[in-house]
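Trainee: What follows is a structure written as structure tokens; I'll ask about it next.
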Amino acid sequence: DCPSDWSSFKQYCYQIIKQLKTWEDAERFCLDQMKGAHLVSIESYREAVFVAELLSENVKTTKYHVWIGLSVQNKGQQCSSEWSDGSTVSYENLVKPNPKKCFVLKKESEFRTWSNVYCEQKHIFMCKFLGSR
């Protein structure tokens, strides 16, 4: 079950936070909101559709992008894309060297495609956590 101000999909709970924060501050905010919460990870096509529909219903202006939990982490010589909640990135994503290391969903794409932007930008965001059974 999810708290009353959160939306549910399968066993997870989701909440849109309409505060402008950097990626790191948004991730920290999610962690502070609820035990086990992170910026949203999107692990399947069906979950992507759910997230896009939830955002479309609640975010009416194109001026907002929405942080998701995906970022490029530098590990020595290697760069890898990782979800902040530790879930696996389950598709091939070749990241060319790029200073834009954090990802948003944009209204223009109906919140369906992931775009990389600078992590220091401020955007609204969505938190996700595993609900209680």
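In case you wondered, yes, glycine gets a Cβ from its N, Cα and C as well.
OK, Swiss-Prot features for this one:
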DISULFID  Cys2-Cys13  disulfide bond
DOMAIN    9-128  domain 'C-type lectin'
DISULFID  Cys30-Cys127  disulfide bond
DISULFID  Cys102-Cys119  disulfide bond
Trainee: Of the disulfide-bonded residues Cys30, Cys102, Cys119, Cys127, which one has its Cα closest to the Cα of Cys13 (disulfide bond)?
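Mentor: So, of the listed disulfide-bonded residues, the one sitting closest to Cys13 (disulfide bond) is Cys127.
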Trainee: According to DSSP, folded down to helix, strand and coil, what is Cys2 (disulfide bond)?
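Mentor: SS state of Cys2 (disulfide bond) = coil.
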Trainee: Can you check how the pLDDT averages out over the domain 'C-type lectin' (9-128)?
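Mentor: Overall, the domain 'C-type lectin' (9-128) comes to a mean pLDDT of 85.
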Trainee: Which of the three DSSP states, helix, strand or coil, fits Cys30 (disulfide bond)?
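Mentor: Looking at the DSSP assignment, Cys30 (disulfide bond) belongs to a helix.
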Trainee: Find, for the listed disulfide-bonded residues Cys13, Cys127, the residue with the lowest Cβ contact count at a 10 Å cut-off, counting only other Cβ atoms.
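Mentor: Counting other Cβ atoms within 10 Å of each of the disulfide-bonded residues Cys13, Cys127, the minimum falls on Cys13.
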Trainee: How many whole Å apart are the CA atoms of Cys127 (disulfide bond) and Cys102 (disulfide bond)?
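Mentor: Distance between the two Cα atoms comes out at 15 Å.
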Trainee: Which residues of the same chain, at least 6 positions away in sequence, have a Cβ lying under 8 Å from the Cβ of Cys2 (disulfide bond)?
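Mentor: Listed in sequence order, they are Ser8, Cys13, Gly131.
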Trainee: Are there residues of the same chain, six or more positions away from Cys102 (disulfide bond), whose CB falls under 8 angstroms from its CB, and which are they?
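Mentor: Residues satisfying the criterion: Trp23, Trp67, Leu70, Ser71, Val72, Asn116, Val117, Tyr118, Cys119, Gln121.
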Trainee: With DSSP as the reference, give the number of residues of the domain 'C-type lectin' (9-128) in helix, strand and coil.
Mentor: 28 helix, 45 strand, 47 coil
Trainee: Non-local Cβ contacts of Cys30 (disulfide bond) (under 8 Å, 6 or more apart, same chain)?
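Mentor: Within the chain, Cys30 (disulfide bond) has Cβ neighbours under 8 Å at Ile17, Ala37, His38, Leu39, Phe125, Cys127, Lys128, Phe129.
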